[in-house]
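Colleague: Structure below; questions to follow.
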Amino acid sequence: PPLAICDERQRTYIVYLGSHTQQYTPDQILETHHSCLTSVKDSEEEARASLIYSYRHSINGFAASLTPQQASKLNELEEVVAVIESRPRKYSTHTTRSWEFSGLNLAAGYDVAESMKKETTMAEAGDLLHRAGYGKSLIVGILDSGVWPEAESFSDEGMEAVPKSWKGICQTGQEFNSSHCNKKIIGARYYIKGFETYYGRLDATEDYRSPRDKDGHGTHTAATFAGRQVRNASALGGFARGTASGGAPLARLAVYKKIGGNTCFDEDMLAAMDDAIADGVQVISISIGADEPLSPVNDSLSIGALHAARKNVVVVCSGGNDGPTPGTVVNTPPWILTVGASNMDRGFLGTVVLGNGLKITGQTVTHHKLPKRLPLISAADAALPWVPDNETDQCLPDSLAPEKVRGKIVVCLRGSGTRFLKGVEVKRAGGVGFILANTAALGDDVFLEPHVLPTTAVTYDETREIVRYIRSAKGNATARLREPRTVLGYKAAPFMAAFSSQGPNVIHPYILKPDVAAPGVNILAAWSEASPPTKYNFDSGTSMACPHVAALAALLKAIHPTWSSAAIRSAIMTTASTRNNKGKTITDERGHTATPFQFGSGQFRPSKAADPGLVYDASYTDYLLYLCSYGLKNAGERFNCPRFPPPMYDLNYPSVSVPKLNGTLTIKRSVTNVGGDGNAVYFFSAKPPLGMTVTARPSVLFFSRVGERKEFTLTIEARDLKETKEYYGGGGYRFGWYSWRDNYHVVRSPIAVSMG
């Protein structure tokens, strides 16, 4: 922009040069990057001083301090693919029972170590975990806020030697030395240059200048991904007591920490991904995303994941926590496996008994009770006069009048401020307990964490009942809080979390996102002891769903080491389920039927994914051709876009998204036979979106060997164009499915269509 030419302030930019075209040494690559910088700097010394990172492994590029004018000049160079400005808050983190609920055999009493010693029985041979060796041959990476290495989840007791394929390091630092790496945590690094370039030197009281985790998020996701079995684990108060385990409990863990708590910088994350690929990591779990959907040339996670796909590394990312607003899902390129969050069937029930006898069954993990009837008041009726009208019911800091709250239970609405600090405010004002009440937008999403007072969290419908009672009592409302209890199977599940970001995919409209859903609400896992109160803690978010799917990807990688990252993604997607544990269609948080824009292909099913029958495979070259159609012409080394690249909708993806259909569209797909029987016959069936027809040609696929690939076309057509356009008015989407079936497998793909 013209105004940027006059702006001489230094900012951090990533200059992306694609891939390395030849086998240069790291020093030669560094000199090339210095030379590039020298072309826009006043001296070689200034150029060297401005360099923050030189990406020298799989990714070719560098991060440097530049003025907008210098960045603009570099962007004009032929060898430069993109120049990306880094800024704080562009990215942030998306923050026991879950594996058992998902079908993995990790229930209490099931001992991984003992199982590994036994001879394999026929029953065990069919078990996903046993077939995968519990992930013991795999190296997995976590890009997050670090790790608390002393947690039992990261014990290396009984584990074999570190795989020879490992090429990484154990980087030491503040309260983290080489002894904190072992045969479980085989490597650890931290990335701070981007953070300190922007903010200055890190305050050691805010975060560790090392791979050690300060806030707990990274420890939680790492333990969910690959934590060892820990018996008798529970949250504060003994809630959810049982055996905690990661999905790939014997996988080797490499930790890549980005410094800065919830603030993530492009240049630090790209450096971490470049190292992870070079270190020998096979699956990377990233519970981080942008604050809004980003185009491929402005998204460092997308760039890093593309290079990972080139090396056949599976990258799994959280889809974001900005639901239920449509079009908010992030981490959406086709080479990333994107995960939404769902609820489980476990409840920590804390009953509120109102003064009129009505019993409200909320949820809590605060081990307190208020057995006597106490006065009940809405925060809106106890707010100080200066509090804005739209905040009176929120229990924000210093908002409640002590003379109105003292000795009472307070109803606080969620929405603004943190849930924990609402309880702190009630306690400050003299309250003895509080009810954390959902708004209409939050529906049935109930987040659990320890509080400073007896607490029960309630759904929106329950909130309405409580508010109705308070109004009818005319200042004489009372309530008591019963002691909580843990209940399994208390409601139909899974159901989608309201916070889980939704499609459509605004950046890649022909790619349906998210891909799948997994448990992401009230997940118990290891926690940083620098962030009290307990060694194990509940957390919620697509951040928690992501490592569930990453663990399944690792198990599939162990069972099928020759499969591509696309084949693994396909197996997870086409075997997902759209049914809950009651046999009904998965719903959203309000009980309405959920759609593929919420759960993608459905809830992941670990027990089915190892034998999908057919897979939709794709290569790095396919992704480059896709980017050619997208408009990015020089993403790959020595790769020239054809004059007429294939349309984006022809990328061989396991789902179908068609924006603005104008009558009829025919797309191309191919499937590869990976079933146990080489001779197989698959038949096509479809449930089209309303007003559409969906046909395949051919409609029967004959396979004679494993590894054989068959092509087909899929034609989507509006039956009555004018009538269908009227029905789809406003650009809304409708959904359907198509499947390939043999005698055993159902290979299922969702369809999303809007009319032009």
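Including glycine, each Cβ sits where the backbone N, Cα and C put it.
Pasting the relevant annotations from TrEMBL:
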{"type": "ACT_SITE", "residues": "D144", "note": "active site, charge relay system"}
{"type": "ACT_SITE", "residues": "H217", "note": "active site, charge relay system"}
{"type": "ACT_SITE", "residues": "S543", "note": "active site, charge relay system"}
{"type": "DOMAIN", "residues": "12-90", "note": "domain 'Inhibitor I9'"}
{"type": "DOMAIN", "residues": "135-602", "note": "domain 'Peptidase S8/S53'"}
{"type": "DOMAIN", "residues": "387-464", "note": "domain 'PA'"}
{"type": "DOMAIN", "residues": "650-753", "note": "domain 'Subtilisin-like protease fibronectin type-III'"}
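Walk me through the surroundings of each of these features.
Modeller: Non-local neighbourhood of D144 (active site, charge relay system): T93, D213, H217, G218, T221, A222, V255, Y256, K257, K258, S285, I286, S287, I288, each in the same chain, at least six residues away, with C-beta under 8 Å from its C-beta.
Neighbour density for S543 (active site, charge relay system): within 10 A of its CB lie 31 other CB atoms from the protein chains shown.
For the domain 'Inhibitor I9' (12-90), the model gives a mean pLDDT of 89.
Sorting the domain 'PA' (387-464) by DSSP state (H, G, I as helix; E, B as strand; all else coil) yields 22 helix, 15 strand, 41 coil.
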Colleague: With every protein chain in view, what's the tally of Cβ atoms within 10 Å of the Cβ of H217 (active site, charge relay system), excluding that atom itself?
Modeller: 26
Colleague: DSSP-wise, what's the residue breakdown of the domain 'Inhibitor I9' (12-90) into helix, strand and coil?
Modeller: 28 helix, 25 strand, 26 coil
Colleague: Can you break down the domain 'Subtilisin-like protease fibronectin type-III' (650-753) into helix, strand and coil residue counts using DSSP?
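Modeller: Once the DSSP states are binned, the domain 'Subtilisin-like protease fibronectin type-III' (650-753) shows 11 helix, 61 strand, 32 coil.
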